[in-house]
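Trainee: Questions regarding the structure given below will be posed in turn.
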2 protein chains.
Amino acid sequence: MATVPLKDELDIVIPTIRNLDFLEMWRPFFEQYHLIIVQDGDPSKTIKVPDGFDYELYNRNDINKILGPRASCISFKDSACRCFGYMVSKKKYIFTIDDDCFVAKDPSGKDINALEQHIKNLLCPSTPYFFNTLYDPFRDGADFVRGYPFSLREGVSTAVSHGLWLNIPDYDAPTQLVKPLERNTRYVDTVLTIPKGTLFPMCGMNLAFDRDLIGPAMYFGLMGDGQPIGRYDDMWAGWCCKVICDHLGLGIKTGLPYIYHSKASNPFVNLKKEYNGIFWQEEIIPFFQQMNLSKESTTVQKCYVEMAKQVNEKLGKIDPYFVKLADAMVTWIEAWDELNPPTKDSAKATNAASK
Amino acid sequence: MATVPLKDELDIVIPTIRNLDFLEMWRPFFEQYHLIIVQDGDPSKTIKVPDGFDYELYNRNDINKILGPRASCISFKDSACRCFGYMVSKKKYIFTIDDDCFVAKDPSGKDINALEQHIKNLLCPSTPYFFNTLYDPFRDGADFVRGYPFSLREGVSTAVSHGLWLNIPDYDAPTQLVKPLERNTRYVDTVLTIPKGTLFPMCGMNLAFDRDLIGPAMYFGLMGDGQPIGRYDDMWAGWCCKVICDHLGLGIKTGLPYIYHSKASNPFVNLKKEYNGIFWQEEIIPFFQQMNLSKESTTVQKCYVEMAKQVNEKLGKIDPYFVKLADAMVTWIEAWDELNPPTKDSAKATNAASK
């Protein structure tokens, strides 16, 4: 039912490009789109982009120049810096992908156009209030099953499309260490809505979202250089986005499309980055599960600022890092609003805040 | 990881057998098990069971004789009567299937052993408190993904395994009428836990459960002869079971195995049975979504009786039918306890009632 949107509706955000094969492999699918590359390392190094791609590239110096003191909210020497790209984009949709993710093949051997599937996911409604056992009821050949309330069949707007990975699964360091040889070879041919009230681990490797609906909540936090934690950038964004989507009556889908994740990152390095997160998430997840946002929070920005306040108050007790993170969340929203002055459209989510 | 249990651990419950091909087709998979056939129509007619099957058969006269006045809680002239079979079974596991459901083939063309997959589902833990994006983490080749809290990786006991249908999907009458030619051809190779707090439409066509964990909640209500509603027997059981599983910290899985559903029932007849349910479910589902069970309800029976009281009080306002149903729910529990005197095992669920 959905068609791939025109070039002027979607930007592709890439945290860095260490591998020239990456863009060459995606060329048939990406060439018609605009790329935003946010260089995650040393700004003096240059990233080479093959001919034929339309792109803009930001390094740390650019970020500092554009955001001034507010640049403090953007992570340095970590792929979490990609969220700067979400902020400077002017398009409705964002697709973000890591440079070790290649084109996967479906069971028939055909190349998967991940971007096209993400757009289909975003253009079809979500169904967070009741589970449909035949999965996405809007897909060709499927529908709502017997016993699905008719009042819920309209669904709600989809804000996030979370894609999966063949080959190297997205495991934490302990699981990587325990199962070094595990590969994901199972192509599960489905897309489903994550039900209201349920949190999920959102991975930033292969992710698309509607900036107009959820953009300001897609903050990847403070990771990397000078921070006590890494590899929780996308998780943080996922927890925040899910709670806000539930509050505003928006949907999140997961499943198709698959990309081919070519290479596992070093589990020893990962363990060093993750160990605080592995410990802290045991408190952070119940915190998000129990979070209530007030009726007054009728926009993503208002929700996010209210959330920052609760992070400060409740997670600040775990570690001073969360006080700093809460401040950065507010700075992020200020920077977002400065670069994206409110329009009529951005108030659109407001009337959804009833459920 | 799981193996099919021995004959003395599982009964197959079938509401009726109108088609001799049915048992012949399932012979390689069913012959080693005991069948309980609950004849849903005229008791003077005889059901022919092919040689080689070990079975017991109950008709209405048998039900009346065994339950006495309490037989009023068992539906007449409706496949909902199958729940009598759950009550008289003495086994740990039940698999129930309709007689128009045949052996399906997996994408490689191999016959699917539905029973084996159900048992695998029931023997593997469920994960209702957080969503795992690679689906069932206990399946070979899968695991918990990065960001899944370690404290939740033990999972909880699985009480229900809900299987799906290739060919004729389980649609309501309006959808059947609108899409007479729709067939389900998509084999989605996954099993997943339905998250805590999320209701789903449970279909009784291809269903397995652990009697010790959830049996007394698997009541299929009052349908058929003399009742204002049909085709909501399994839905009713599904809503009740899900709320009780959430309360007691038990899991429900859906997905594999598929059966081949050979024939759509008559949509005009179905519409007549369903129309009250289609209307009433708009109030029943929010009722179940908002239901709170008390801390004192630490067994399935106690939960179910508390639930019956709330059905009487809150749904009785919709239609006097629900007052009658609430009474039947209590009668069902009395009959269950009479036929299944409490043992040490049946109190097992008690200590799970913490979440």
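Keep in mind that glycine also has a Cβ here, set from the backbone N, Cα and C atoms.
Quick paste from TrEMBL:
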| type | residues | note |
| --- | --- | --- |
| CARBOHYD | A:Arg146 | N-linked glycosylation site |
| SITE | A:Arg146 | site 'Required for activity' |
| SITE | A:Arg153 | site 'Required for activity' |
Trainee: Taking DSSP three-state, what's A:Arg153 (site 'Required for activity') in: helix, strand or coil?
Mentor: coil
Trainee: Other Cβ atoms within 10 Å is the metric here; tell me which of the recorded positions A:Arg146, A:Arg153 scores highest.
Mentor: A:Arg146
Trainee: Can you give me the Cα-Cα distance between A:Arg153 (site 'Required for activity') and the residue listed as 'N-linked glycosylation site' in Å, rounded to a whole number?
Mentor: 12
